[in-house]
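For reference, the structure is listed below as structure tokens.
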Amino acid sequence: MNIPASEKAFFLLSLIASSRGPISAKELSLQSRIPLSSIYRHLTSLSKWSLVQERGIGLYVPGAMAVQLSQGFQQGNTLISWARPLMNELANNTGESVALMMPVAGQVLCIDMIDSSQPLRCCYQKGASQPMYKGASSKVLLAYLSEDARRRVIKERNADVLEHELKMIREQNYATSDSEIDEGVWGVSAPIITGNKKLHGSISLMAPSVRAEKNQQQWIKLTCHAATKLAHILRE
């Protein structure tokens, strides 16, 4: 992984932010292939600005400045403010969980979430990220990335099979998955695309597979309608 020197601290910050819990300097070195001595130097700089903080001995988590960054993102992001009413409508009409997703640094990030009042064991939550090659929410975004960006994500995976699946997603303009990330969870995701094929993100609906069996076509239609309506609003 060839990371420019000026970007290494930001890359480490992204690894810490996407980690499921506190992460060690050694693990950061393994994931980034940056020497451990350089890792500590970057962590010192990031800690100085409260972007990361040490928890326990040798473990790192996002720092207090992350709260300010998150607040600024929420307040300044028109995608979230325009999407919220449509997400609420979709959640109310289906009774299921609805998420707003964005592609970020080769992953898919959940930037807003409306949880269903009914039980759902799903890994997606606001602020959580997932690989871009697994699940409806990820694949629908991967399908609309540039060819170069797709290749960087796909790399050595079963490229032919995945490219065929992505082609089908582009043709139907949505993606579905069942138990691909969480066992027993069905999902549908539709892209938010405006002029010049600009990809803003996607709207996703998630439900237990047993509840989705009789409702799939209706839920696909409602999810696609919400994403299309949001795209029209963003164009105005």
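Each Cβ is built from the backbone N, Cα and C atoms, and glycine gets one as well.
Per TrEMBL, these features apply:
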- 3-64: domain 'HTH iclR-type' (DOMAIN)
- 65-236: domain 'IclR-ED' (DOMAIN)
Across the domain 'HTH iclR-type' (3-64), average pLDDT on the 0 to 100 scale: 90
Number of helical, extended and coil residues in the domain 'HTH iclR-type' (3-64), per DSSP: 35 helix, 9 strand, 18 coil
